[in-house]
Amino acid sequence: MFISVKAPAKINLTLDALYKRPDGYHELEMVMTTVDLYDRIDLTAREDSAITLESSSGFVPQDERNLAYRAAVLLREKTGIKRGVHIYIDKHIPVAAGLAGGSSDAAATLRGLNQLWKLGLSLEELTVIGTEIGSDVPFCIYSKTAFARGKGEILTPLPSPPACWVVLAKPDHGVSTADVFRHLQVNQIEKHPQTEKMINALEGQDYESIVQYMGNVLEPVTMEMYDTVRKLKEKMQLFGADGVLMSGSGPTVFGLVKQEYRVKRIVNSLKGFCRQVFAVRMLGK
Ligand SMILES: C[C@](O)(CO)[C@H](O)COP(=O)(O)OP(=O)(O)OC[C@H]1O[C@@H](n2ccc(N)nc2=O)[C@H](O)[C@@H]1O
Ligand SMILES: Nc1ncnc2c1ncn2[C@@H]1O[C@H](COP(=O)(O)OP(=O)(O)OP(=O)(O)O)[C@@H](O)[C@H]1O
């Protein structure tokens with residue numbers, strides 16, 4: 001038996017941190033959506049009970065540290081299933097980029113194994129398991145557009161943004177999410193995003209307002225650590241994207257672009273500054 005599952009990248013249209021919780025995590029409010037940039041997860045049933053993993057990318061661990069591997073182990077623990085599986089990850093989402101690549105691989109593995117092993121678990125049940133792997137995994141299980149609260153695991157579905165292009169540019173270095181949160185001073189945040197206004201904009205399918213209310217409190221923190229992020233944002237604005245923001249904890253910067261004829265120019269101009277530049281469609285349906 002074989003199943004192939006798509007694992008799309010996410011972007012944050014907003015990311016706000018309200019306070020630091022007693023468990024060390026930050027209480028967040030985020031509006032997130034998915035874009036047409038995928039990893040592909042191939043799941044092949046094994047005769048024995050081993051879990052094995054390979055990836056097309058040398059940048060991700062190919063053993064029990066991989067989040068997709070951890071998802072398979074955890075799912076077996078929770079359900080008492082003893083079956084083996086070979087996981088192959090065809091990696092396209094840049095690693096440690098703020099695009100939830102690892103979380104999306106873990107979420108796709110949970111969804112795929114639920115089918116392969118005929119477990120019959122609901123999305124809610126998979127979400128509870130996913131929370132133990134990482135804060136972005138629950139969102140990636142639904143993989144649409146949502147308002148996320150708590151660590152990111154309390155989800156309310158939202159209408160997907162109107163059709164547009166998303167240009168993504170990732171500097172050559174990665175970023176540690178834990179490091180960025182460690183540097184965040186929640187009491188000194190100068191500008192909180194207007195999350196409610198973003199939600200209204202999505203409900204009204206109002207592209208201009210979506211662009212206007214994009215905001216991420218981690219952006220200045222990561223920019224302070226890596227000047228490349230600030231420079232990329234400035235370039236993308238200069239080259240004509242409608243709205244530009246860092247996704248998650250970064251360092252990927254994305255730009256929303258309504259008019260197709262502008263996309264090529266922005267991509268070509270950015271390629272002079274960083275190697276990983278993508279132009280994809282907004283997904284989120
Ligand atoms: C920045 C985001 O991408 C926004 O969607 C996510 O919050 C990060 O999700 P993730 O990569 O799944 O991160 P996790 O593995 O859960 O957390 C990594 C580290 O980031 C910090 N962290 C994460 C989430 C959160 N709400 N508060 C935090 O302070 C914690 O130090 C944690 O140890
Ligand atoms: N399947 C996987 N894909 C990518 N990274 C993985 C995977 N499994 C484990 N990792 C590890 O997780 C770390 C974070 O990678 P990932 O690409 O998920 O970051 P990210 O996009 O910043 O995530 P987020 O946006 O959720 O913070 C990397 O250091 C990587 O080695």
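Heads up, the Cβ atoms here are built off N, Cα and C, so glycines get one too.
Residues or ranges marked as active site in TrEMBL: Lys10, Asp136. Residues or ranges marked as ATP binding site in TrEMBL: Pro94, Val95, Ala96, Ala97, Gly98, Leu99, Ala100, Gly101, Gly102, Ser103, Ser104. The domain 'GHMP kinase N-terminal' annotation in TrEMBL covers 66-143. Residues or ranges marked as domain 'GHMP kinase C-terminal' in TrEMBL: 199-274.
Distribution of TrEMBL features across the structure.
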residue : record           : DSSP class
Lys10   : active site      : strand
Pro94   : ATP binding site : coil
Ala100  : ATP binding site : coil
Asp136  : active site      : coil
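Under 6 Å, Cβ to nearest atom of ligand 2: this is the test, and of the recorded positions Lys10, Pro94, Ala96, Ala100, Asp136 it is passed by Ala96, Ala100, Asp136. Remark: of the binding-site residues Pro94, Ala96, Ala100, the most isolated position is Ala96 (fewest other Cβ atoms within 10 Å of its Cβ). Spatially close to Lys10 (active site) yet at least six residues away along the chain are Met32, Thr33, Thr34, Val35, Leu99, Ala100, Ser103, Ser104, Asp136, Phe139, Cys140, Ser143, Ser247, Gly248, judged by Cβ distances under 8 angstroms. For ligand 1, the nearby recorded positions are Asp136; that is, of Pro94, Ala96, Gly102, Ser104, Asp136, these have a C-beta under 6 Å from one of its atoms. DSSP states for the domain 'GHMP kinase N-terminal' (66-143), grouped as helix (H, G, I), strand (E, B) and coil, give 44 helix, 7 strand, 27 coil.
Just so you know, the Cβ of Gly102 (ATP binding site) picks up 29 other Cβ atoms within 10 Å once every protein chain is counted. Under 8 Å, Cβ to Cβ, and six or more positions away along its own chain, Gly98 (ATP binding site) finds Asn12, Val175, Thr177, Met246, Ser247, Gly248, Ser249, Gly250, Pro251, Thr252.
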